[in-house]
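Structure first, then comments.
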Amino acid sequence: MKELMIILFSAILVNNYPLSKFLGICPFLGVSKKLDSAVGMSAAVIFVMLMATAATWPIYDMLLEPNGLAYLQTIVFILVIAALVQLVETILKKYVPALYKALGVYLPLITTNCAVLGVTVLNITENYNFVESMVNSLGAGLGFMLAMVLFAGVRTRLENIDAPKYFQGLPITLLAASLVSASFIGFSGVVDGLFM
Amino acid sequence: MGIYTFPVMLVGGIGLLAGVILAAASKFFAVEVDERATKIRECLPGANCGGCGFAGCDDYAANLIANPDLPTNLCPVGGAAVAQKISEIMGVSFEAATPKHAVVHCNGTCQNTKYAIDYEGPQTCAACNTMFGGRGTCNFGCIGFGDCVAACQYDAIHIVDGVAVVDPENCIACGACARACPKGLITMIPETSQIYVSCSSKAKGAVTRQACSVGCIACRKCEKSCPSGAITVNNNVASIDPEKCTNCGLCMSQCPTGAIRNVMYCDGNPANTAAHD
């Protein structure tokens, strides 16, 4: 249990996907303008990360590794995740319209998002078992949500500042992102201490 | 060969399997879309301005199907032509929408009012409004940075002489400017009514008088003079009910400050303003 908590919290705080690993920067900068769309996007990311891990880990463990085909993992993972997200989208549309309405716009966006692919590949690289992989994916998703919500707050403030002309728009956003990212370095080493 | 065939077959097989599953899923889990919604969506202009009160043309079409009692004439961009088409698709009786246009309830031009503070912050009304409620002497008037101009997709509103002025010819009454204005100065009135109150100051008469030379000082002369009872003075500012107003213009001649104006003379041209005075 302690190991799982360490995995969960280090995925949220220390190895934060957008802010420390720089994965999923595209939605991090693109969808963080408003708080509600940032939350919607993050919820979709959590959902897809969990599903992708649940599908890819068994495939790697039972199909690829025993046959010595570990080098195929990237292409197989992309294929499986893309198909899976499409399938889930159709099923949600039919049976859970409310959830589809909340997540639907974002699902195709993150079909093969690098954060989603990254979490599945890193689960394999870190030699996590299935439960650990799922916990790591949940943590990665929650960390993504934390980063998005924090940064959406920063960006609403950025709207009202009088930036120099050449810093307006994306440059000042990138500067703010780097500061938020730098502040997350403060978390390194925290998690080991939390569960001593 | 063996080391190649198995990986190729594996990836190909997974791809094929995923394809078959997706094809089957799209058949079994297909959601029936009401074809009327698609038709209505094709009729709508696709401006996605939100003037109908929904999140966009798609949303309006979906809501029309979901709720048959919803009026078919809500689209201000398409007007009567689109409303008629929608009514035909929905099979309901057609009711023409009254065309509307926006008016700015402020005439605080550079001549009529003054700046109270020398504001150098971000050049938007929303930002300026957070500082002492704007930069002018009047706390209710147009700030003049043109948040409404930025919101307008139809080039129908401009800042002329420090105050927003609507061009009724281009205005389609989508209401984007009214939502953008931090002072809430802009309302939609029917195209048939021309007389409007060009002031929103809820301050007492004497205060308004000091801040602006054309403010409504709530003297109630218009209220008393109006033959059709269309004008009421509430919260120190007059308002005209467009349903009752007959455009007779009596109130304009009675108003001591010139706060009641005719949209026809409001293109910001000083000559026109003088003519109506």
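Note that the numbers count up from 1, one per residue, in the order the chain is shown.
Cβ coordinates come from backbone N, Cα and C, glycine included.
Per TrEMBL, the feature transmembrane segment maps to A:6-31 (among others).
Summarising the annotation, TrEMBL assigns transmembrane segment to A:38-59 (among others).
TrEMBL lists A:71-92 (among others) with the feature transmembrane segment. Using a Cβ-Cβ cut-off under 8 Å and counting only residues 6 or more beyond its ends in the same chain, the transmembrane segment (A:71-92) has close neighbours at 48, 51-52, 55-56, 59-60, 64, 99-100, 103-104, 107-108, 110-112, 116-117, 120-121, 124.
Taken from TrEMBL, the feature transmembrane segment applies to A:104-122 (among others). A Cβ distance under 8 Å defines the sequence-distant neighbours of the transmembrane segment (A:104-122), meaning residues of its chain 6+ beyond its ends; these are 17-18, 21, 23-24, 26-27, 31, 40-41, 44-45, 48-49, 52-53, 56-57, 73-74, 77-78, 81-82, 85-86, 88-89, 92-93, 136-137, 140, 144.
Look at TrEMBL and you will find A:134-154 (among others) tagged as transmembrane segment.
Annotation comment: TrEMBL describes A:166-191 (among others) as transmembrane segment.
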Checklist outcome for this item: Contact set of the transmembrane segment (A:134-154) with the rest of its chain, CB cutoff 8 A exclusive, min separation 6+ beyond the ends, reads 4, 7-13, 15-19, 24, 27-28, 31-35, 38-39, 41-43, 45-47, 49-50, 52-54, 115, 119-120, 122-123, 126, 128, 176-177, 180, 184
